[in-house]
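First up is the structure itself, then whatever we jot down about it.
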Amino acid sequence: MTSQKEPQEGLSAPAKVTGPSSWSRVSCPCCISSHIEPLVLIQLAENVQPITKQWIMSVISAPVKAGGAQLLVHPGEDMKGDMIVVAAPRCTLLRVTEDLGLCKTYQDGNMTAFSFEDRDNFCNIDDMQQFLTLAERQYIVKHELDSMRAREDQRIPGIPAPKGKLKARESIYSIHAYFGGTIAYYFSFLDYYTLSLFPPAILGLFITFFLPSANFSSGNKTESAPAPPKDDDDTPSVSSYMVQAVFSMLWSTVFMELWKRRSAALSYRWGTFNLAEQFQEPRPGFHGELGTNPVTGRLEPLFPEWKRRLRIGLVSVPVVGVFLGLVVMGMAGFYFFERLISNWHKASGSYFTAVLLYLPSIAHIVYTNVLGNIYRNMALKLTEAENHREESSFDYHHTTKVLVFTFFNNFAVLFHIAFFKEDMPLLRKRLSSLLIVTQVVNQFTEVVVPFLVDRFLTSADRNLKEDDPEVDHLQAQGSLPAFPGLFAEYIELLVQFGYLSLFSCVYPLTAPLLLLNNLTEIRTDAYKLCKLFNKPFSAPVANMGVWQTAFEVLSFISVMSNCWLLLLSPRVKDLTEDAGLSSSKVLVIAVIVEHALIMVKMILAFMIPDEPDWVRIKREQIEYHSMQALKKQRIMRSRVEDKVPLKA
């Protein structure tokens, strides 16, 4: 199933695809139009028979009550072709807009939850291309196709088991209008995150090149290399270590609070802050006994909530725990064999043992990669077995499983070096090597590889000309691979944010390196999305979902991480030794400081509202008008009932 790739002038004219008479008919008079906008291309198997294609078209155009989608269909070039072009009549677009809970501009200029009964009072209601964005119109078609349910056993004519294959075909507001909310939120967050990296990047450069305490090698004091006398110490009175740690804690808090305000403003402007997904049709993969939904009264599969919770508690959680244990075992094995081979090399000093020194690291990298691939497949299967009704709930639980594993896989070694081995120079070397290698690999895979793929392999329009038939362009776009989603991109940003907020006080150049990477990340992600993949369907969303929660959790953990890294800094160690404080007293002071900083973070988060005042006022106005409309509707219903004469 492919969404249209390029919104071209005059695309809504049916003559651009085939004759007007080839479109299926609609029964509603208000939906009859001489101009029909093709929105989605369904690519069937090459060997599909015309009778099978005709049956598929009849089901898609059938009314919802009969198990269809009530959409407009077109056979493409002819009935023998392997493509079906799908459009949406006006009433279907408006009805699903209300079901999705989208907010649109009312006649008074305010954003209001759309009501089909009150549709005439909304702006641009007679022009669907103005009333709904292209991404919204395309998602509505996909939503209706996914919501189709067979009301009874049916025999599919033609092939007994058809293999029809459905494939999916600069301002942030333009991105939202064309690609939809999911893509727009990602690019908005990436843009905001990149701009927010400038303050920590400037501070990191200043600390690295102007403050001598940025060299943390003094943290490893050994008997063979005594520390220089205090009189010769050129460390400034204010430790750069302390400045960077405190700044990272405050920056991560302010960053997330300001993003939540921006996210709230975008959700209002895009009309998605009042979504009602719990009342939508179940996702296609949801299964259960067919019955009547007690809330909506719709006929749909039903699955008890207690069974889902039982599967999560007794299956998913233990399996995830086992994989986390395997991560810890891999880390322990890495340190064990590293120590073993290191001692062997010291005893023998041969070239063979020198080469073997690299073996534990190589084995650990291979182990973590293989374990990560196995876990990702297992996480998907576990989430599918949990049988979530809504797509957002499925994504939330799947993403949460992967995030927990990703956190352990990327940060467990760093935490072990920092808080168990207490080796700050080693932590600094490990973090710097991770950042440099990661940036080099990312730049190659996200800049060089996409360019080579587009240049030599999968350019859909390379052999086409502007005057070629529109059908050829649609078929060329349909040959592109499906967009894999934003999962990997969000994971990359989350790991970046973890390095910066948790450990940047050890390596101040973390922010400058991330800033250089993200300046090209924005363009390369846009390049891949526009050139290398089919245009993805994008559901209306009110925020980043579980990803926003993940960033907030890392922001909270950064307070504790930076506090204890601050305690282990050479400057603080010198101060505690000079003051004659025992280790127990230092621990008590550290706990007090940690709780004080957490309190500062909570106060700072409370002082910055999650949404701007104008968004809060608009939201309260919508709630008030909704209550008034409901009250008015009840009064009118009661008056109608009073006028109906009672039968004796």
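In case you wondered, yes, glycine gets a Cβ from its N, Cα and C as well.
TrEMBL does not curate its annotations; it predicts them automatically.
For 1-20, the entry in TrEMBL reads region 'Disordered'.
Counting only same-chain residues 6+ beyond the ends of the transmembrane segment (172-190), those with a CB under 8 A from a CB of the stretch are 7, 133-136, 138-139, 259, 262-263, 266, 269-270, 272, 486, 489-490, 493, 518, 521-522, 525-526, 529, 535-541, 543-544. For 172-190 (among others), the entry in TrEMBL reads transmembrane segment.
As annotated by TrEMBL, domain 'Anoctamin transmembrane' applies to 175-621.
Under the heading transmembrane segment, TrEMBL lists 197-218 (among others).
As annotated by TrEMBL, transmembrane segment applies to 238-259 (among others).
Residues or ranges marked as transmembrane segment in TrEMBL: 312-337 (among others). Cβ atoms under 8 Å from those of the transmembrane segment (312-337) belong to residues 359-361, 363-364, 367-368, 371, 375, 378-379, 382-383, 385-386, 397, 401, 404-405, 408-409, 412-413, 416 of the same chain, restricted to positions at least 6 beyond its ends.
Annotated transmembrane segment per TrEMBL: 349-371 (among others), in sequence order.
According to TrEMBL, the feature transmembrane segment maps to 402-420 (among others). Same-chain neighbours of the transmembrane segment (402-420): 320, 323-324, 327-328, 331, 334-335, 368, 371-372, 375-376, 379, 426-427, 430-431, 487, 491, 494-495, 498, 502-503, 506, 546, 550, 561, 564-565, 568, counting only residues six or more beyond its ends whose CB sits under 8 Å from a CB of the stretch.
Taken from TrEMBL, the feature transmembrane segment covers 497-520 (among others). Listed by sequence, the residues of this chain that lie at least six past the ends of the transmembrane segment (497-520) yet keep a Cβ under 8 A from its Cβ atoms are 190, 193-194, 197-198, 200-201, 203-205, 207-208, 214, 216, 240-241, 244-245, 248-249, 251-252, 407, 410-411, 414, 418, 424, 427-428, 431-432, 434-436, 439, 442-443, 446-447, 551, 554-555, 557-558, 561-562, 565-566, 569.
With a threshold of 8 Å between CB atoms, the same-chain residues lying at least 6 positions outside the transmembrane segment (541-567) that come near it are 181-182, 185-186, 189, 241-242, 245-246, 248-249, 252-253, 255-256, 259-260, 263, 267, 272-273, 275, 392, 395-396, 399-400, 403, 415, 418-419, 490, 494, 497-498, 501-503, 505-506, 586, 590, 593-594, 597-598, 601. What TrEMBL lists as transmembrane segment is 541-567 (among others).
If one looks beyond the transmembrane segment (587-608) by at least 6 residues along the same chain, the residues whose Cβ comes under 8 Å of a Cβ in the stretch are 249-250, 253-254, 257-258, 261, 556, 559-560, 563-564, 566-567, 581. What TrEMBL records for 587-608 (among others) is transmembrane segment.
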> So which residues does the transmembrane segment (238-259) touch in its own chain, when a touch means Cβ under 8 Å and the partner is 6 or more beyond its ends?
Replying inline: 189, 192-193, 196, 199-200, 203-204, 207, 211, 213-214, 216, 497, 500-502, 504-505, 508, 548, 551-552, 554-555, 558-559, 562-563, 565-566, 569-572, 597, 601, 604-605, 608, 610
